[in-house]
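Enquirer: Checked TrEMBL, it gives:
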- C:9-27: transmembrane segment (TRANSMEM)
- C:39-57: transmembrane segment (TRANSMEM)
- C:77-96: transmembrane segment (TRANSMEM)
- C:102-122: transmembrane segment (TRANSMEM)
- C:151-180: transmembrane segment (TRANSMEM)
Protein chains: 4
Amino acid sequence: MTKGRLEAFTDGVLAIIITIMVLEMKVPHGGDFKDLEPLLPVFLSYVLSFIYLAIYWNNHHHMMQTVTHVNGKILWANMHLLFWLSLVPFVTGWMGENHFTIASVSTYGIVLLGAAIAYWLLQRLIIKSHGKDSILALALGKDLKGKISPILYVIGILGAFLNIWISGIMFILVAIIWLAPDMRIEHALKNKTNKL
Amino acid sequence: MTKGRLEAFTDGVLAIIITIMVLEMKVPHGGDFKDLEPLLPVFLSYVLSFIYLAIYWNNHHHMMQTVTHVNGKILWANMHLLFWLSLVPFVTGWMGENHFTIASVSTYGIVLLGAAIAYWLLQRLIIKSHGKDSILALALGKDLKGKISPILYVIGILGAFLNIWISGIMFILVAIIWLAPDMRIEHALKNKTNKL
Amino acid sequence: MTKGRLEAFTDGVLAIIITIMVLEMKVPHGGDFKDLEPLLPVFLSYVLSFIYLAIYWNNHHHMMQTVTHVNGKILWANMHLLFWLSLVPFVTGWMGENHFTIASVSTYGIVLLGAAIAYWLLQRLIIKSHGKDSILALALGKDLKGKISPILYVIGILGAFLNIWISGIMFILVAIIWLAPDMRIEHALKNKTNKL
Amino acid sequence: MTKGRLEAFTDGVLAIIITIMVLEMKVPHGGDFKDLEPLLPVFLSYVLSFIYLAIYWNNHHHMMQTVTHVNGKILWANMHLLFWLSLVPFVTGWMGENHFTIASVSTYGIVLLGAAIAYWLLQRLIIKSHGKDSILALALGKDLKGKISPILYVIGILGAFLNIWISGIMFILVAIIWLAPDMRIEHALKNKTNKL
């Protein structure tokens with residue numbers, strides 16, 4: 001039951017974050033197609049952030065399927081993750097409205113990095129409480145994706161000061177890496193079931 | 001359990017979309033009945049979009065009743081649907097505030113078309129993973145509604161350049177076609193149960 | 001399962017409506033206590049609407065406990081109820097910001113009346129599909145509250161043109177009548193259980 | 001089932017409150033790091049309120065695990081708690097945007113105090129309906145935390161008129177006291193299980 005409510009709360013927060021982001025796309029006063037043009041950077045930022053939040057939801061969903069019990073520490077680690085994700089609409093709006101300035105792109109990367117670290121911490125705590133033979137631990141293995149992502153984020157954050165395209169490529173690259181996140185856990189779940 | 005959380009997340013996002021749309025109706029500064037007048041187009045847009053989102057929720061709800069398992073692809077197809085639907089408040093507000101200009105009405109249709117295609121894709125993936133004898137496949141049959149709707153949307157999108165009433169009629173027509181969406185699946189569910 | 005998702009969606013929409021209403025209380029620019037003064041009417045409107053939405057949630061919650069199955073008509077009747085309730089933040093903000101003008105108070109009453117009629121329709125459909133001996137039918141009995149409320153609303157709507165205090169008293173009166181709504185259904189549930 | 005829906009609704013409202021708070025951080029017009037500076041007080045207020053709401057969610061979650069049945073009074077006591085919490089985004093935004101004036105800091109404390117009293121009332125009603133030997137009653141014991149917090153809030157509310165740092169320290173202190181809230185109930189649940 002505990003787990004159910006943690007999932008429900010996380011779903012609620014993610015659903016709201018993903019939806020209020022669209023409020024940053026202010027309805028233009030003019031009614032022509034050209035009035036949509038200035039919104040293009042905001043729209044592109046929105047698409048990227050939507051994909052990131054969808055990835056987080058998907059991964060969270062898969063991770064929680066391996067979880068059998070939660071404790072106070074896990075609840076707080078989850079809250080910590082939600083805190084970073086709750087900042088996404090703000091940095092998305094800031095980046096979009098200012099047409100990708102160095103500061104806004106770099107700050108966007110910092111928030112993504114914060115969320116990635118928070119997710120990693122949550123994963124650690126779950127594995128710690130479920131044991132090294134738990135499905136999650138087996139599924140992650142060496143967790144290559146989890147190790148590479150922060151490095152790419154840091155390149156993105158610092159790269160913005162040279163050329164914001166470096167950041168753009170890094171942030172898109174991480175998204176692509178994670179777009180197929182489930183295979184590991186889905187396979188691990190199947191293996192575990194087959195062995196029984 | 002997977003299915004449950006997919007439904008919960010979808011419910012959350014749809015509930016928020018349907019509710020924040022009303023925020024586009026800005027409270028007028030004057031306090032007389034005549035101050036409500038300029039809001040009429042926004043209100044009518046809101047009613048239409050509310051009905052569309054209610055139709056999507058109803059259909060999604062019926063479709064998911066036939067689903068027994070979900071996979072990564074279905075999760076992403078669902079996210080894709082939510083992406084298009086998340087744009088509805090924006091286009092609703094734009095169309096309403098600019099009193100149904102060609103561009104805004106046409107863009108509204110594009111978003112509806114995008115959502116329809118996304119829904120169709122989701123349906124395809126569910127049928128693919130559940131088989132041609134699945135309840136959903138039997139319920140849809142030749143899926144006449146699903147085939148006609150995109151055509152009507154395209155007429156609505158292009159028709160706006162001739163006369164926005166063409167679009168209006170098309171978008172209302174599709175809504176009417178879908179207002180009683182459940183019968184097929186409800187019947188199919190009954191038939192399946194009766195045969196067992 | 002159907003019923004569960006109907007409840008979940010309704011909970012989501014009501015939770016959002018109740019919460020975004022508070023966004024109509026715009027943060028004042030000054031930082032003194034006196035800067036809160038102009039917000040008093042908005043705050044009072046908020047309190048009243050909060051109580052109304054809480055009553056609806058409570059009653060919906062009790063009503064759904066007696067429901068064993070839902071159909072397409074019930075889903076749409078529920079959507080219709082949510083439509084009226086979704087207009088509450090708008091009329092609350094309008095009424096509060098314009099310090100209770102005749103038009104805004106009267107419109108507020110119209111939305112409350114619309115919601116009451118929608119609730120009554122939903123109740124009818126549930127009783128129709130569950131039978132006259134259903135717990136809900138027995139619990140409601142002659143449904144005195146349900147019959148008096150619309151009359152009080154109409155007095156409130158028309159009374160605004162004489163004196164807005166008439167409306168105020170009517171709307172508060174209806175809220176008081178409904179504040180203890182559960183007894184009937186709670187008793188009926190107990191009786192039914194005792195008989196078995 | 002009743003309990004489940006109470007939890008779901010509370011989760012929904014808390015998820016929305018926690019997320020719309022971030023909307024008070026208005027996206028700055030400039031795109032440099034220095035444009036973020038004026039947002040610092042708003043951000044700090046946001047972090048404090050986020051922690052408070054997370055504490056409430058965590059405690060509510062633990063408290064509800066000990067609950068086996070709910071009644072109309074408990075539903076209303078819960079609504080009363082949500083009412084106070086729904087005011088948090090408003091006072092957070094007011095306090096942040098006005099850089100911690102006496103009035104805004106003091107009002108922030110009043111809302112926290114209101115929520116604390118509402119939580120205490122809810123707890124009372126649950127214990128009353130579950131008995132003095134209930135898990136919750138045993139877990140709370142003399143409820144030292146519950147008794148100290150209101151005193152600290154009052155010091156914070158009145159202290160603002162001397163020096164707003166007094167308030168700041170009090171509000172942070174209460175947060176720290178509650179950050180590890182679960183142990184009591186987690187232990188009580190274990191003890192109860194062990195005895196059986």
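Using the three backbone atoms N, Cα and C, a Cβ is placed for every residue, glycine included.
What TrEMBL says about a protein is an automatic prediction, not a curated fact.
In terms of burial and nearby residues, how do these features look in this structure?
Expert: Listed by sequence, the residues of this chain that lie at least six past the ends of the transmembrane segment (C:9-27) yet keep a Cβ under 8 A from its Cβ atoms are 39, 42-43, 46, 49-50, 53-54, 56-57, 60, 78, 82, 85-86, 88-89, 92-93, 96-97.
Here the transmembrane segment (C:39-57) has long-range neighbours at 11, 14, 17-18, 21-22, 24-26, 28, 81, 85, 88-89, 92-93, 95-97, 99-100, 108, 112, 115, 119, 171-172, 175, 178-179, 181, meaning same-chain residues at least 6 beyond its ends whose C-beta is under 8 angstroms from one of its own.
For the transmembrane segment (C:102-122), the residues of the chain that approach it from at least six positions outside its boundaries are 45, 52, 56, 59, 63, 74, 77-78, 80-81, 83-85, 87-88, 91-92, 94-95, 146, 149-150, 153-154, 156-158, 160-161, 164, 167-168, 170-171, 174, judged by C-beta separation under 8 angstroms.
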Enquirer: Are there residues at least six beyond either end of the transmembrane segment (C:77-96) with Cβ under 8 Å to its Cβ atoms? List them, or say none.
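Expert: Tertiary neighbours of the transmembrane segment (C:77-96) are 6, 10, 13-14, 17, 20-21, 23-25, 41-46, 48-49, 52-53, 56, 104-105, 107-108, 111, 114-115, 118-119, 121-122, 125.
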